[in-house]
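Report on one structure; see the data block that follows.
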């Protein structure tokens with residue numbers, strides 16, 4: 001049996017490209033990111049002695065922390081010297097595929113100060129934070145309290161005699177927990193605590209509490225602090241706990257942009273502050289997750305596509321090489337839609353981000369909050385959708401790599417474990433779906449009540465387009481589609497696909513709103529439908545924003561850009577069709593006059609879907625190449641750009657501590673002498 | 001504000017849940033787990049508890065991989081002593097490690113005698129297998145290679161007959177031919193059961209097993225020509241020394257080729273014995289999958305025990321002025337968790353019936369009767385897929401239900417998830433296995449449609465029933481649900497079984513049409529096969545679980561709750577993809593209204609189990625030792641245990657931890673805070 005080298009196989013796959021991968025990279029990732037990413041790659045390659053991550057899989061927790069702290073120190077040094085910005089630090093974290101103990105200092109501590117501190121407080125805290133003279137963390141969640149912020153138990157009580165706050169942890173469950181950067185690094189914590197002044201509880205506010213000495217980094221009096229131990233992933237971050245035993249801080253340390261306390265204990269809430277501002281912070285954080293997920297799934301699909309193209313298994317002719325497993329329909333069926341979803345998330349993020357910026361500017365410039373509600377609903381829905389898709393997409397990528405996916409050298413196990421908290425933090429996905437659905441139902445309800453829909457956001461557009469006839473309990477449009485419905489017309493027309501997806505949203509929203517409002521179905525009984533509604537809506541939004549980004553292709557005046565249209569359109573169709581067919585029950589459930597809810601069309605669409613997947617198979621390798629993920633981030637034997645899969649795999653295995661010269665020899669000798677020999681000796685063969 | 005309300009302690013909340021039990025925990029344990037298992041479990045726990053310095057597992061979470069491996073080896077050494085004292089049986093040792101919730105590096109060595117006895121002659125079994133049964137020699141099963149997995153015929157390692165010396169020469173001709181993933185090889189084994197391409201007189205005869213010594217029995221050093229090592233860290237299985245192995249023209253006597261199915265004579269003449277049926281080898285695959293299916297229930301039981309106890313005591317939100325509500329009181333939590341409790345019970349319960357059938361088949365095979373083997377093969381394929389998918393992703397859901405704390409190693413669910421994961425891949429990847437089950441059903445259905453001979457058994461009979469050709473039954477009788485409301489259906493397990501049956505038939509029927517009428521290739525049918533295999537296993541597990549429940553007397557207090565769990569599993573399967581129901585022929589009268597009605601009933605059934613959730617997981621009797629979890633502790637002292645474990649983190653320890661922190665500070669953090677500053681600034 002002949003075999004073909006993996007490098008040759010991969011090179012041949014690259015010959016199938018119908019477009020320029022570099023140009024595609026520029027279009028789908030955007031020029032700004034391509035540049036920032038390039039700068040970060042150059043940087044870690046130049047300083048590879050500090051930044052090389054190939055040995056990470058063998059390190060103990062302590063070893064991992066030591067390595068990442070060394071890198072954090074170097075990055076902070078360059079930030080102080082003005083040679084790197086925060087954006088660069090983020091890009092470096094991305095390339096390294098690991099976060100460090102200073103991550104939350106940058107992503108939570110400083111942004112909270114920016115938003116919630118007065119100008120005077122910024123001078124004291126923020127300037128030092130920017131200069132890394134203090135390292136902060138954001139201490140909100142407690143051992144016994146997560147999503148329900150109002151249930152936090154930590155107190156900050158005003159002591160008028162000394163003009164101080166006394167911060168206290170009254171119970172075991174009030175111990176601050178999960179706080180990134182707290183375990184070994186932070187000098188300060190921004191603590192969320194119940195504010196108690198003259199026996200009155202004002203609710204939860206942030207207060208800056210020094211926790212470790214700036215002289216010798218020892219915990220300050222009254223502060224019990226530590227790392228809370230190993231986790232599923234994220235072990236390069238020192239998530240920690242802290243317990244306060246009546247710790248005093250000056251009144252000044254309460255962040256006072258949204259509440260002011262004077263030295264008599266008088267509380268004023270500034271009148272020009274809209275409480276919705278805090279709400280916009282959550283939108284900000286979730287939008288960050290939405291924008292990142294595509295970049296993370298990119299890593300996984302790159303590994304899986306490259307590896308399944310070179311991995312061979314079975315074949316019809318014993319005299320020929322076995323077939324690449326990517327040639328098998330069941331592998332394509334699991335993997336190609338993930339490539340499509342990766343592209344859709346990346347494309348969507350540009351438009352979504354632009355919309356987010358519009359919303360933020362309206363708030364900051366004109367105190368105009370009109371766009372916030374929809375933004376909130378979309379960001380909740382997409383946060384859930386993107387994180388679910390990415391985490392379980394990484395899992396599928398691992399599974400299609402077969403046994404070798406289970407090795408740490410696949411690069412997919414640490415990725416899965418590190419990405420996993422995205423489905424939990426910043427609002428658990430199941431809870432967020434409910435927020436999204438509530439908003440959609442509200443819009444649907446308004447539309448049913450014939451209240452004019454004034455806003456022109458993408459959500460309103462759905463309900464403006466599809467009106468509801470309540471007595472007949474169906475969407476009332478006479479003519480639903482501009483073209484006849486056949487499997488072929490549906491797959492050849494992106495606009496029609498979008499309309500069907502929008503119709504599905506409207507249909508489900510109206511139906512559920514009617515059940516709740518008219519038939520008085522309880523919210524609890526609606527929970528499953530609510531989860532589905534949020535999913536269907538997010539699928540539509542993803543397609544909507546991605547399609548909008550595809551519209552920019554015509555302005556993307558670069559030689560060869562015309563070649564990008566066809567693969568991108570195929571990916572969009574695979575994505576959209578996959579959403580329609582996710583549970584065909586939802587299609588059968590549509591009214592007959594849609595022309596879609598019958599076997600003939602649905603069976604036909606299933607066939608078209610498989611055909612589209614097959615057609616994308618040919619350009620799968622160029623498509624993942626175009627995602628521009630460097631080998632450093634992949635950190636994977638299976639996904640290497642050059643296809644030297646098995647050589648690299650063997651090299652890594654040989655550096656396993658058990659195999660190393662001397663150290664490994666001693667380990668094995670010890671194992672033999674202590675355990676194996678005493679058992680097998682006196683062999684009576 | 002909830003601030004001023006004194007919330008009940010978590011242990012008190014859990015005790016309260018326990019008072020709601022409508023059944024006897026002891027009786028349920030004995031019925032669902034079986035007397036034999038209960039006795040073994042108690043015996044093993046007594047051993048573990050009497051020797052905590054060897055068997056206590058609490059500190060494992062802080063260990064490096066080699067430390068874990070060493071600890072497991074120490075436990076194995078003790079187990080072997082107990083075995084030699086007659087206190088433990090050879091086949092009981094794996095369950096000891098199951099209770100310890102990890103694997104012995106000897107795990108795969110223990111499977112070797114069985115493999116040798118299937119493939120070797122009696123004489124070979126005596127020479128090669130017996131020492132392993134006495135744990136005097138340690139073998140490993142070296143089949144997969146770096147470049148070759150499922151396709152055994154594609155492996156590259158060769159065993160060439162050298163007539164001059166009457167030996168075989170074993171060789172690894174390429175990098176990709178390196179044996180890889182071999183459990184118990186990395187540091188433990190001293191010989192290997194090697195699958196190699198047999199070459200005799202220049203002719204390739206296919207892959208056959210041959211016994212090759214790899215490490216010296218004197219000093220355990222690799223023998224000449226052998227390159228061997230550990231393949232490095234994995235997602236899970238840290239105690240296992242999965243290894244790699246290369247042969248540079250290694251010679252072994254001709255006797256070492258296992259010769260039950262092939263004989264090679266002194267002069268290289270090959271004969272195939274006429275008195276053995278090669279299907280016996282095939283039955284070995286069935287056995288491996290059957291063991292895996294046996295194992296899945298107890299693993300899922302651990303997942304649901306942790307999640308149920310923890311969500312019962314974890315409080316979040318609630319009405320002002322009252323305690324926050326246990327998260328298990330929220331419907332969306334019940335919706336995700338209760339069906340998993342039902343499936344844990346279904347998996348463990350159905351296994352009694354499955355195991356009975358499996359053993360009958362193995363008896364038949366011993367008598368050279370292979371009639372039941374084909375269905376058993378189809379069933380083990382689809383059940384292996386269903387039980388491992390359900391368990392692995394069920395554990396994942398359990399972790400997610402525990403919120404942030406699920407992400408801590410101390411939840412007990414993370415290394416556990418990682419070490420259970422490979423069950424969806426090994427012993428036949430789940431996606432590949434589905435095709436085997438689908439092919440059996442589709443071929444049989446086609447035969448029936450042409451009035452040709454087809455098997456008569458649980459799998460085929462249900463398809464035959466809904467084909468309704470011969471004998472033909474009146475439709476109102478065939479469609480037993482047709483005059484019933486959704487509520488009546490949801491409370492009638494035999495009607496639910498019928499509905500699972502018609503759905504299975506229809507999926508099979510659709511593929512029959514595509515393959516036999518439209519000429520679709522089998523390869524192109526792999527997507528449709530997935531749904532068929534899943535529908536088949538959903539029918540079989542409910543059928544088998546129902547049979548097991550029916551062994552109970554009518555007035556047993558276990559019956560009502562067990563039947564309710566069976567119904568939850570059945571409806572969950574039916575509603576998994578409602579498109580499969582919408583698609584059924586109109587005359588079957590499964591209407592949109594009925595489907596929506598079943599969705600409502602499903603939620604009602606789930607809610608009805610909520611009150612019994614804690615007693616139900618208690619009755620599964622997963623000991624705290626196996627849970628190894630702050631969140632799932634039987635006594636409910638969740639947060640105290642969690643804090644204790646956190647304080648034990650090496651970074652926090654007195655002395656050693658202080659040293660590490662000091663080093664981090666001096667080398668990195670202090671440099672960050674102070675480098676480039678003029679001395680006078682910054683003192684906060």
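Note: Cβ is positioned from N, Cα and C throughout, glycine not excepted.
Here is what TrEMBL says about this protein:
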| type | residues | note |
| --- | --- | --- |
| DOMAIN | B:25-136 | domain 'Acyl-coenzyme A oxidase N-terminal' |
| DOMAIN | B:140-250 | domain 'Acyl-CoA oxidase/dehydrogenase middle' |
| BINDING | B:144, B:183 | FAD binding site |
| DOMAIN | B:282-442 | domain 'Acyl-CoA oxidase C-alpha1' |
| ACT_SITE | B:427 | active site, proton acceptor |
| DOMAIN | B:494-670 | domain 'Acyl-CoA oxidase C-terminal' |
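A map of TrEMBL features onto the structure.
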{"residue": "B:144", "record": "FAD binding site", "Cβ within 10 Å": "19"}
{"residue": "B:183", "record": "FAD binding site", "Cβ within 10 Å": "23"}
{"residue": "B:427", "record": "active site, proton acceptor", "Cβ within 10 Å": "20"}
Euclidean distance between Cα atoms of the residue listed as 'active site, proton acceptor' and residue B:183 (FAD binding site), Å: 13
Considering the domain 'Acyl-CoA oxidase C-terminal' (B:494-670), which listed stretch of B:25-136, B:140-250, B:282-442 counts the most C-beta pairs under 8 Å: B:282-442
Nearest-integer angstrom distance between the alpha carbons (Cα) of residue B:427 (active site, proton acceptor) and residue B:144 (FAD binding site): 11
DSSP-derived class (H/G/I helix, E/B strand, else coil) of residue B:183 (FAD binding site): coil
DSSP-derived structure type at the residue listed as 'active site, proton acceptor', helix or strand or else coil: coil
DSSP helix/strand/coil residue counts for the domain 'Acyl-CoA oxidase/dehydrogenase middle' (B:140-250): 3 helix, 54 strand, 54 coil
Mean predicted confidence [pLDDT] for the domain 'Acyl-CoA oxidase/dehydrogenase middle' (B:140-250): 96
For the domain 'Acyl-coenzyme A oxidase N-terminal' (B:25-136), the number of residues DSSP places in helix, strand and coil: 87 helix, 0 strand, 25 coil
